[in-house]
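A.B. asks: I have a structure I would like to understand better, so I am pasting it below and will then ask my questions one at a time.
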Amino acid sequence: MRAKTVDRIATAVIVCVAGFIILLLAALLGYLLVRGLGHISFDFLTSAPQALKAGGGIGPQLFNSVFLLVLTMIITVPLGIGAGIYMSEYAKDNKLTAFIRLIVEVLSSFPSIVIGLFGLLVIVNTFGFGYSLLSGALALTIFNLPMMVRLTEQSLRSVPKEQKEAGLALGLSRWKTITSVMIPVALPSIVTGSILAAGRVFGEAAALLFTAGMSSPRLDFSNWNPLSPTSPLNPMRPAETLAVHIWKINSEGLAPDAPEIAAGASAVLVIMVLLFNLGARWLGRVVYRKLTASK
Amino acid sequence: MIIEIDKLQLYYTDFHALKNVNLSIPERSVTAFIGPSGCGKSTLLRTLNRMNDTIPGVRIEGKVDIQGRDIYSSDMEVEFLRKKVGMVFQQPNPFPKSIYDNVAYGPRLHGISKKSELDAIVEKSLRSASLWNEVKDVLKKSAWSLSGGQQQRLCIARALAVEPEILLMDESTSALDPISTTKIEELTRELCQNYTIVMVTHNMHQAARISDRTVFFLNGEVVEASDTQSLFSNPVDQRTEDYISGRFG
Ligand SMILES: Nc1ncnc2c1ncn2[C@@H]1O[C@H](COP(=O)(O)OP(=O)(O)OP(=O)(O)O)[C@@H](O)[C@H]1O
Ligand SMILES: [Mg+2]
């Protein structure tokens, strides 16, 4: 009888906490959307911001966020998966490996503002990449790589030993066993890790203030030559992202409609993250199904 | 003799798991390893396709010749060896792919890409594993939708698809129901006309039913190895007799 009472109380507490969290999330999301949705229009999404007048948009910032995301993931995903494979399958169990694991652990909990400053000192100044998309992408890579490595390592380790041995016993090399037997099984976790990393790219401002910069040059969206300074595709140009833009107009925006723009931009950011999440999950499922013929 | 094992010693770090094993295994026959748990049956089986290489701290002395080649010499390619010496595990472990892809997996990764060729290999392997009739209409279905016994026969087909000459089976029926077990036992008898089969079993009746030769292990040593009938009907060593009459193990 007593066990039952305890069980009931525990269940009630857990349900309450879960309900509270869901409510909080729903309220937050609702607040952002209600405040921002009204301000979103085609014009708002495509036009450039205005410094002093009302009616500015977020076109370049939106593009910058997406482009920076792509650039960062192009660097982060292969490096992270490669290092994760190394850590789980090739690294010997010795002091050096334990040390690397510790570093990865520490790096993954680094405050992003510190990474931003590191990026400013090393990438922007010492390497001379300047305030640029590339600097931003490299800083975000430092920010995200540890998580990617850890997640890949863990997901490979959790592939059943029987699957790995089945591959090896067929005479596949270690590398082929990893790429064609283990990675497909580990894929859902790896995709989830990449989504988390990507979400952090979208939302990150602190690490970008001093690396990708707080301004965006006048972009010419008809110029797709990546070497030209006004081309949106040029990775060496400064690029203010949506998150940085929100921070900037909230703290020093001079346009009379600055609060509305911040609200609209926040809503767009949230929607982008949601869309990206759903899209990546869907893609992960399709790829997984293709690789495994499971229903 | 297709396999010749000469003065083999195996250590897991400092645990001496195989002690001076000398053993010959004839071609196209079924050889069964029996013995109490922990006596080194799986360990010896896994030295034959160098699966122990994946375990850190394993040290091996002595010689294992397969088809006249020293498999632990430096010029032996372990991938080549494992193609020649296939393995079926205790738990059925098909890949999370379709039935067809499971069987076509090895051949594909070894470089065969022509559809007609793969189709032929898949059919032949599934027929050899007596699974063809049950799955020929559902080749695209996930292998995980099959029953345990079917999955194990699929694993046999998958191993056969890379054209091995030796098949190692480590307690491959111990996770299966009696009917599936009988099927795999019958299959083993058929396969030994074309393949050399080395199996580990906990079930002495199974060893007596299907093997040509039986090897009895105790504490990492081969106590007795002879043809199955004489080992079971008049064992030479007292310990063998104790074991098969159920006095220990
Ligand atoms: N990876 C390993 N590291 C250290 N010791 C091991 C390892 N694998 C096996 N051993 C030891 O080697 C001995 C032989 O093990 P093995 O798995 O070959 O026994 P077995 O005869 O197959 O037993 P079972 O019938 O229970 O499968 C056991 O004492 C076991 O504890
Ligand atoms: Mg065993």
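Quick reminder: no glycine exception, Cβ is built from N, Cα and C everywhere.
The domain 'ABC transmembrane type-1' feature in TrEMBL is assigned to A:62-280. According to TrEMBL, the feature transmembrane segment maps to A:12-34, A:66-87, A:99-123, A:129-149, A:181-202, A:261-280.
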A.B. asks: Does the transmembrane segment (A:129-149) reach the transmembrane segment (A:12-34), going by 3 or more CB pairs under 8 Å (6 or more apart in sequence)?
C.D. replies: no
A.B. asks: Using Cβ atoms and a strict cutoff of less than 8 Å, what residues sit near the transmembrane segment (A:66-87) while being 6 or more residues removed from its termini?
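C.D. replies: Hits for the transmembrane segment (A:66-87): 97, 100-101, 104, 133-134, 136-138, 140-141, 144-145, 147-153, 155-156, 178, 190, 193-194, 197-198, 201-202, 208, 212, 232-233, 235, 239, 241, 272, 276.
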A.B. asks: At a C-beta cut-off of under 8 Å, are there same-chain residues at least 6 beyond the transmembrane segment (A:12-34) that contact it? List them, or none.
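C.D. replies: Counting only partners 6 or more residues beyond its ends, the transmembrane segment (A:12-34) has Cβ contacts under 8 Å with 263, 266-267, 270-271.
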